[in-house]
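Input: a single structure, listed below in structure tokens.
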Amino acid sequence: MTQPPGQPVFIRLGPPPDEPNQFVVEGAPRSYPPDVLARLEVDAKEIIGRYPDRRSALLPLLHLVQGEDSYLTPAGLRFCADQLGLTGAEVSAVASFYTMYRRRPTGEYLVGVCTNTLCAVMGGDAIFDRLKEHLGVGHDETTSDGVVTLQHIECNAACDYAPVVMVNWEFFDNQTPESARELVDSLRSDTPKAPTRGAPLCGFRQTSRILAGLPDQRPDEGQGGPGAPTLAGLQVARKNDMQAPPTPGADE
């Protein structure tokens, strides 16, 4: 006997209907003062000159204007469109796709707690909950002093060091709720701890300029080489004289 059809299931696609326009924040600049515009044009010229096709410079240009206001503003989006000969819709489509481009003002330090599967199981959820309680903010919110913006983030490809906390995209490995609390306290007291690896921390706006491809003035000496989990596979391969298979057609 054929069963009667069930009730239809409606699936909502896209953002919730009550979500505000992603790039319209009260007080956000819609144009740059002449001196700021001139400075950004110099930087943009250097960035665009690296690409044979101007529109290929869109991603670094978005980082450039993000470094001006700590998030993407109507002024920044318009600047990118004007520099590259794109429409506002084309720029906004790219900017809204990538989560590294911020849609609201960001603190001096963007603290991201990985809550993807492995980090969550290893303590990432507990770390995020502890920081929410300690800082008095939720996901994508900024402390009242403007120093820390907290967010949960997806995998940072550092699962062998789980749970991982990122500060302005620098790694802090093998964190605990207590060490993460000490980390954000060091940021708010202007005595930031050194990342587990990589360059010393700098502010979010300067980080955005570095991601745009502009000079990085931080010391280039590493703060610790690869850890044991990263090297384990290489050590096993060497011990067993394991070699990568030859590339097909390499001898032809």
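A Cβ is built for glycine as well, from the same backbone N, Cα and C atoms used for every other residue.
What Swiss-Prot says about this protein:
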- Thr2: N-acetylthreonine (MOD_RES)
- Cys114, Cys119, Cys155, Cys159: [2Fe-2S] cluster binding site (BINDING)
- 211-252: region 'Disordered' (REGION)
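Taking each Cβ in turn and tallying the other Cβ atoms within 10 Å, the top scorer among the binding-site residues Cys114, Cys155, Cys159 is Cys114. Look at Cys155 ([2Fe-2S] cluster binding site): DSSP puts it in coil. Around the Cβ of Cys119 ([2Fe-2S] cluster binding site), a 10 Å sphere holds 27 further Cβ atoms from the protein chains shown.
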